[in-house]
Amino acid sequence: MAPLAPHRKRKQPIKEKSSDGSDSEHFPDGGLDLLSGDEDEDGPVQESDSDGVDAFPEIDAGSDTDEEGEQSPRDDDDSSESEEGGQDDEDALSDDDLHIFPRAKTAISDITGHPKKVYPEIEPDYDSDSSTEDAPNRVGNVPLHWYDDLPHIGYDVDGKKVLKPARGDELDKFLKTVDDPSAWTSAFDKNTQTDKPLTAEELDIIRRLQSLENPDASYDPYQPTVEWFTGKGKEEVMPLSAAPEPKRRWVPSKWEKQKVMKIVRAIRQGRILPSKPKTTSSQREFFAIWNDEPSSVHAPPLPAPKLRLPTHSESYNPPEEYLPTEEERKEWESTEKEDRERDYLPQKYSSLRLVPAYDQIIQERFGRQLDLYLAPRIQRTKLNIDPNSLIPKLPSPNTLRPFPSYKSLGFAHVRGRVRCVSISPDGAWAVSADEEGIVCLWEVIVGREVKRWSLGEKVGAVDWCPRTDVSFFVVGTEEKLHFFIPPNLPPAILTATRALLNPATLPSTPATPSLVKWVDLPKVPTLETPLLSVELPPSSGLVKHVAWHRKGDYFATVSSGGGQGGVWIHQVSRRHSQAPFKKIKGSVQLVLFHPSKPHFFVATQRYVRIYNLAEQKLLKMLIPGIRWISSMDVHPSGDHLIVGGYDRKLCWFDLELNDKPYKILRYHSRAIRSLHFHPSYPLFASSSDDGSIQVFHARVYSDLLTDPLIVPLKILRGHDVRDGLGVLQVKWVPKHPWLLSTGADSTVAVWCH
């Protein structure tokens, strides 16, 4: 007998069950083998996954031959045995001969005392569809990102949360790939939260997709072309057709038919009346359109332009002064018609009856029609705005005094460009240095030179210590920093300065060694040589910027070369130097200390970064939009910053608002070289290669809702442009509204009010 197809029903005759309770009458003679569609006749029998045993349907053995058309060899054997054995063999059959279930054992029940059959437990194979296996998916068909922030991934049968399996970090994943060479051939399954290995076919598909190939391995890109349009009898054989559908395929819609018939019945019953035909009248009707009230929705039409009233020159008998002379007549006739002041010549007639017909009547009527045709249809309101009212109201510069307005005196170096200048905290002394290595100390008030040092190498920066209890300045050269003490100091200040720079007992060596060396040059202190020198690491280059902390113990330097961006922070009291950055993006141009907070400003070519030195983290990055930053200065309040660049832009930043500039000023025609805020007056200045100095009034209010007041005050010109370079640096005198400027013409100018 052939195997039974699943879910197939046959109509069976109803038979009563035998009195002995056996089910042998329900099966054909010789027994029955149950085979699934996935097994062969000799394969193992797959057990059911249900706990109970369903009743097997009754089968007519004779109907299989008619419907199936063939029998298996097993069925032939069974039928032959049934014919030979007869009815006695059918009664002798048992469950052991059927082999439907595993062989049962007979045991005596402890409860009833009667014999019972005990079947062994079913052990499902790996491929068995058993309900006892744990379902890997515990969430169902729901988005898995719902469980991203939860520690579990679903629930078990008892309703308890199933926690996500522990997954290591990226380092653990990397170590796993090292230990397991086949780890790269697996993929993470979000449903089961496990890594599933990929088959060879899936890996081949991935390789083909990465190589931009067809994922189907059996695809042949070089298969022969099918000639659709070539050959006899193939002219009209097309794979596709754009011919419209024939009308015989159109089937009318019964719903549209019902809708149309409903309208037809309504017309027949008189419920829908057609529109009445208009009665034609032979009389013409007229409407007074001007009697209607003007509409409140639409604006009334504009009146037509009026004709120009005639003047005295157009009279038939004008006064003598309106009649043209002979020269004026010839000039009028020789002029082009479009260029004539008027299109007629005044003429005089003794009486009105002698006036001829007007020969320009057609041209005038045509011109009038053009005026009416081209007349505006809409009345537009024209705004009469004074351009001067759009200019912001700024206070007069005379009300914002004092500010420098003229050149008071000048100090000249022998030769070389004067690149840097610095002023003492009391404002009495100024020190300037040129590219030839000459450092000059002179008085600000009279411009008298007091002392000169010749270093023999190029000087890139000079800056005075901001402390008032000591007095010295730092000069930056090639890979060195020199500390100089000015002459004529009071004994108390001189003693304190020497004790700071050259103490009797040197501070202890810090635990972290530094590449920077602090060297005491003279054994006997003199004013001719520096009292202390700092040797920077080799290949550091020229020191191009020096910035002091407000307390005067720390100062930062920026060199043109070297590692860590060329930035070093030095502490004078401990004689220790350290590089704040191991690696920094971009080339550092200059650095600044915040006036009141432990913040550090670092300006690269295009960005300004603000660091917190106490917490050692980046606070903010400012984007000025400048191609190359050349100068920078912070307001004494610490809430505002100005940045200048070689592309002539001056950007004002409000550090409390945004990382973009609050205002961009463009007052210079060439590159900006220097910027400086006045420490006490609301002033700041900018210098440029165009040889000019711009002085601005910059008032910052304590009210955060009030914007800063920036007013340009004065343009100072007094330096000559040499080799494309103008004013290189500007510095304010601390206690006066005076300004010092250095230029490429080897001079230092003092500007006063």
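All residue numbers here begin at 1 and follow the chain in the order shown.
Cβ atoms here come from the backbone N, Cα and C positions, even for glycine.
Summarising the annotation, TrEMBL assigns compositional bias 'Basic residues' to 1-12.
Here TrEMBL flags 1-140 (among others) as region 'Disordered'.
The compositional bias 'Basic and acidic residues' annotation in TrEMBL covers 13-28 (among others).
The compositional bias 'Acidic residues' annotation in TrEMBL covers 36-52 (among others).
The annotation compositional bias 'Acidic residues' is assigned in TrEMBL to 61-95 (among others).
Taken from TrEMBL, the feature compositional bias 'Acidic residues' applies to 122-132 (among others).
The feature domain 'BOP1 N-terminal' is assigned by TrEMBL to 147-404.
Positions annotated as region 'Disordered' by TrEMBL: 301-339 (among others). In the region 'Disordered' (301-339), helix, strand and coil residues by DSSP number 18 helix, 0 strand, 21 coil.
Long-range Cβ contacts of the compositional bias 'Basic and acidic residues' (326-339) within its own chain (Cβ-Cβ under 8 Å, at least 6 residues beyond either end) map to 345. Feature annotation from TrEMBL assigns compositional bias 'Basic and acidic residues' to 326-339 (among others).
Per TrEMBL, the feature repeat 'WD' maps to 665-706. Here the repeat 'WD' (665-706) returns a mean pLDDT of 92 for the predicted model.
Residue counts for the repeat 'WD' (665-706) under DSSP, helix first, then strand, then coil, are 0 helix, 21 strand, 21 coil.
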